[in-house]
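So the structure is just underneath, and the comments pick up after that.
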Amino acid sequence: MKKKCLTLMGILFTLCLVLPGAAFAEEYYTTPDYKVEMIVNEDQSYAITETITVSFTEPRHGIYRYIPKQGSLYREIDGKAIQTPFTATISRVSVEGYDYETSTEDGNLVIKIGNADEFVDGRKTYIIHYTWAPKADGITTFDDVYYNILPHNWPTPIDQASFSIQMPKAFDASQLNVYAGEYGAIDAGKVTTSVNGNTITGQSTKALATGEGITVNLRLPEGYFVGVWTGTEGLPFLYGTCAICLIAGILLFFILGRNPKPVEVVNFYPPHDFTPPHIGTIIDGKTDRKDLIAVIMYLADKGYLTIEATGKKDFTFHQIKHPKFKDEPDFIREIFTGIFPSTKTESVTLDSLKGVFYTSIDAATAMVEGYFEDPEHQLFTKTAKLVRLGLLALMAIVGIAFGNAGSIASTGQFDIFEALFYVVFSIGLPIIGFYYIYQTAVVNKKGANPGRRGFKALVGAFFTFIALSLSLALNELPDTALLTVYGTILLLGFLWVLPKRRTEIGNQWLGETLGFKNFIVSAEADRIKMLVDENPQYFYNILPYAYVLGITDKWAKNFEGLAIEPPNWYYGYSTFDTFDCLLFASMMNHNMRSMTSDMIHVPSDSGSGGFSDSGFGGGGGFSGGGGGGGGGGSW
């Protein structure tokens, strides 16, 4: 943001130099006298009083004065031309006896004096007070006062100009240089100066023409100024906030948020006759679309429908019999009627469900979530939600502290817009990138196409890289501050995504579900054979649950070497001559992913100038090469 402003200022300033007629349009007043009194403080802030006497040639509302808050200083150091950017704060602004308002435009503070409902004419005197404080320049060999004490962009000639500078302590007067004239002038032919103790005074010897000003350049020993604004004043508060929030987050999680380890109970069948959406929600605390698509296999296994593969990714669903929904949860009925709207609907193609079936999925999702919101079925404690909210609040506090530190680094004080800029660009965008990668690679991995998920993760990584690069480029704080903030937020985020504290029943169901899952993964061959002998359809009974748990292939691998009959509910394209459980499970896994993508498809309509090494005067500066200055006009 600042680089853009500096570039714009440079272009505008160059145009002013090349096209003086355009830069200084005819004004409606003259300037008989311009007096500046400056008190330099030990922290290198300048308390300035400008007394500007103008004579209006026709009625106007008043004048305005603009003062640069950022730009470049041009110095000669050890025989080399050095350009250093400066940033300054301007505070304690007041105008004696007149209405005024301030604003910031293109890196300048604009003081607009006068009343829009009143006109003034004739001779008027405006007394303006403000404090200009530059940020430490990073030069370690000397300090200096390098200031354009009379502005070079004042739009009229100045008949009489004078200034006084009160220094905070003794200085070497031989190091004082004053330049008067247009931008780049290196002589003092139009001004006389004198030093009396710690006070410097100056007086113009002739009128300053339009575009001419006065610059003071006083070299001082390193360490002359103490307590200069460095931009790091907000860091102690930031680091302290990060430490406190991290400790608070850890305590909050371990005291109120951590879930006791559940007791795993081995189950050969789904505990409590839970459906696939129940199991999918219990295992990770959220109802995924994959959990609901698995209901199709669940219904097929129960003999309510068959699946005919008519192509590699084309399917037709045939209704065999209507379920007795009194024995099934509401969301099972919602899924079935979403496929077959009436008992007379015999067959439905996958294509016909695109852009329609998603409403049934959304409704069924709400029903599953509603089941677990019932006090008797709640999976998580109320404190678990409070812990998550608390962790989010701590992350927000860290962000606010970072915005405060960044604002101080940029402007020397808290500025809401600068703070928001830091929070959005330095924290917000990278965190969004990290969160997108997490959602793609971890949260939404169930049922997602691996290739598509990998592509999305790469897109997220690229976005995150760009966001981090922008963050580092725009950030004026040390990189260690940014890394500290990222580390704190990521650690708090890690606590946020860890398993939440469950209710007693929620923990019991989790233990039973984990026991069921572990059996699917590592069942002994003898146990599997016994279960198949008892129930020849056992493989297909459990397949929808293996799918929602993400272990379809592992479940099928348990049946290698066993004589399993092909399902009576799946036929057509890719039907095997010799049935193999592992190949069938892999194919169904792929088919379910295709159905998830196609059936839940939502239609799109829902929802400053340069310088040369030879252009310096005594003391290594020139007229207009310092801070401050600026210009003004009437309105």
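The backbone N, Cα and C atoms fix where each Cβ goes, glycine too.
Sequence annotations record features per position, and here TrEMBL assigns domain 'DUF2207' to 32-218. Mean pLDDT, taken over the domain 'DUF2207' (32-218), works out to 92 on the 0 to 100 scale.
Summarising the annotation, TrEMBL assigns domain 'Predicted membrane protein YciQ-like C-terminal' to 270-559.
The signal peptide annotation in TrEMBL covers 1-25.
The transmembrane segment feature in TrEMBL is assigned to 237-256 (among others).
Per TrEMBL, the feature transmembrane segment maps to 386-407 (among others). Sequence-remote contacts of a segment are chain residues at least 6 beyond its ends whose Cβ falls under 8 Å from one of its Cβ atoms, and for the transmembrane segment (386-407) they are 234-235, 237-238, 241-242, 245, 248-249, 252-253, 256-257, 413-416, 418-423, 426-428, 475-477, 481, 485, 488-489, 492-493, 495-496, 500-501.
Feature annotation from TrEMBL assigns transmembrane segment to 419-437 (among others). When Cβ-Cβ distances below 8 Å are used as the criterion, the transmembrane segment (419-437) is approached by residues 1, 399-400, 402-407, 410, 456-457, 460-461, 463-465, 467-468, 470-471, 474-475, 482, 485-486, 489-490, 493 of the same chain, each at least six residues removed from its ends.
What TrEMBL lists as transmembrane segment is 457-474 (among others). Residues 1, 425-427, 429-430, 432-434, 436-437, 440-441, 482 of the same chain lie 6+ residues outside the transmembrane segment (457-474) yet bring a C-beta within less than 8 angstroms of a C-beta in it.
Under the heading transmembrane segment, TrEMBL lists 480-498 (among others).
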Chain residues outside the transmembrane segment (480-498) and at least six past its termini with a C-beta under 8 angstroms from it
235, 238-239, 242, 245-246, 249-250, 253, 257-258, 388, 391-392, 394-395, 398-399, 402, 405, 426-427, 430-431, 434-435, 438, 442, 471-472
